[in-house]
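K.L.:
Pulled these features from TrEMBL for this protein:
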- 116-133: disulfide bond (DISULFID)
- 49-139: domain 'Staphylococcal/Streptococcal toxin OB-fold' (DOMAIN)
- 151-194: domain 'Staphylococcal/Streptococcal toxin beta-grasp' (DOMAIN)
């Protein structure tokens, strides 16, 4: 029995040490190794879905206060979007959710729909309210009379051609979601980014 235990331990150690020799790290990719959107023109699957996200209107709300909360790191707002009457935004942690809870906020983001809001009357996680959800996208409410601010976006296409365009926001604090959406929306509409 002692001999069998010793053989098993030796085999396990051999497997562990043998596999360690094959572990290695990969360097950062070079520019020519990165995928380009132009390589995916014939693929309407994922790229088509992304195109639809950025051609659809964003979730927007100004001066709204959350109506309820499902998890400790999310907030649910009474914002109408398409056929939905609530928007749930998921935040990084409970502390961030508590920071915005019960306060007037501005919301801007790209929605997702799959199993995202649970009805008040049915806290079973398998029930889908059919609501609209998004990640982050919150800033404290700006003054309603904020003037538009111009933001210049510089783009390099396939490491060859550059172009620039301007997007606007009327907020003092702007989220990356708003900048990302507005830049991709312009590129999708004007330059057929995902086609």
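Yeah, the Cβs are placed from backbone N, Cα and C, and that goes for glycine too.
Predicted, not measured: the structure shown is a model, and the values here were computed from it.
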K.L.:
What does DSSP say about residue 133 (disulfide bond): helix, strand or coil?
P.N.:
strand
K.L.:
Looking only at the domain 'Staphylococcal/Streptococcal toxin OB-fold' (49-139), how are its residues distributed among DSSP helix, strand and coil?
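P.N.:
Summed over the domain 'Staphylococcal/Streptococcal toxin OB-fold' (49-139), the classes give 14 helix, 29 strand, 48 coil.
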K.L.:
Averaging the per-residue pLDDT over the domain 'Staphylococcal/Streptococcal toxin OB-fold' (49-139), what integer do you get?
P.N.:
83
K.L.:
Could you give me three numbers for the domain 'Staphylococcal/Streptococcal toxin beta-grasp' (151-194), the DSSP helix, strand and coil residue counts?
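P.N.:
DSSP composition of the domain 'Staphylococcal/Streptococcal toxin beta-grasp' (151-194): 16 helix, 16 strand, 12 coil.
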